[in-house]
Amino acid sequence: MVPGVITALTSPPFATSSSRSSRFRVGVQRPPELHRRRSSAVPAVRCEASPAPPLTEERLENGASVTGGAYDFSRATTSLTRKMLDSSKRVTLVRHGLSSWNEEGRVQGSSNLSVLTETGAKQAERCRQALSEMHFDQCFSSPISRAKTTAEVLWQGREEPLIFLDSLKEAHLFYLEGMKNVDARKIYPKEYTSWREDPSNFCVYGFYPVRELWGTAREAWKEILLSPGKDFLVVTHKSLLRALICVALGLGPERFRATDINNGGISVFSFNKKGEAMLQSLNMTTHMYEDHVYKY
């Protein structure tokens, strides 16, 4: 719509089947008495044009905008780096495969005692096959066992070494770690309920694990995006992935449970040279159920 112009919809925005036409109608005429009532009560509307935001000159190598125009306007998204990158970037995020504590229903957190199960190793292999035709310049991983082992499966056969970042570690959940969820709910009802239902206010010894996770995620994004290369693979944990996704999208800790990532789930972000993110895919899991190879 051109600024300053009000247009009327004269035809349906989409076609509907005959079975639904009785429910969805566009442009239905009002009874004459309703028109008369409204014409006397509703004043004329005047719409003034507002200046369009300035276009940026940032373009991909082929001359197209990064995301079909979404990056052509200033302040459309927030830079995660606060400085220009050497090129546009693409980051593929992968959650580790099923772990022993996932299987046992235990709270994991930052503990290194939960290891990849046989099923988890198979899931990691499915991820490797699904991404086998994708090029990655570097792979970053959490050093915690279940993520580290998953990354080793995904990265096997590639020449570049794995890079382990402490900023990709899972949230520290203190005395809840290792407890079965059913037991944690009984023994620490207040803390457990807060962790599940109000995570941004979950507090232990004056420490807010989820709020801290947002700072960790920002640090991780900077480390990854400022690294040389254009295409990166990142293997980490569910809570940290939630934080990475929310931080990239400009969402706060109160939105922690607004997304969910399955074991072996794959998400993809693209970044322009200003470090602004656009979510391309979230929690892709087709490869978990059939032989599927991604090309993007």
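Note that Cβ sites are derived from N, Cα and C of the backbone, with glycine treated the same way.
All TrEMBL annotations are machine predictions without curation.
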According to TrEMBL, which listed range is region 'Disordered': 1-26, 27-52, 79-104, 105-130?
1-26
Just report the maximum Cα pair distance in Å for the recorded substrate binders R95, H96, G97, L98, S99, S100, W101, N102, R146, no decimals.
15
Site of maximum Cβ density within 10 Å, from recorded positions R95, H96:
H96
Quick check: with R95, H96, G97, L98, S99, S100, W101, N102, R146 left out, which same-chain residues have Cβ atoms within 8 Å of the centroid of the substrate site Cβ atoms?
E103, Q108, S114, V115, L116, T117, G120, T150, N263
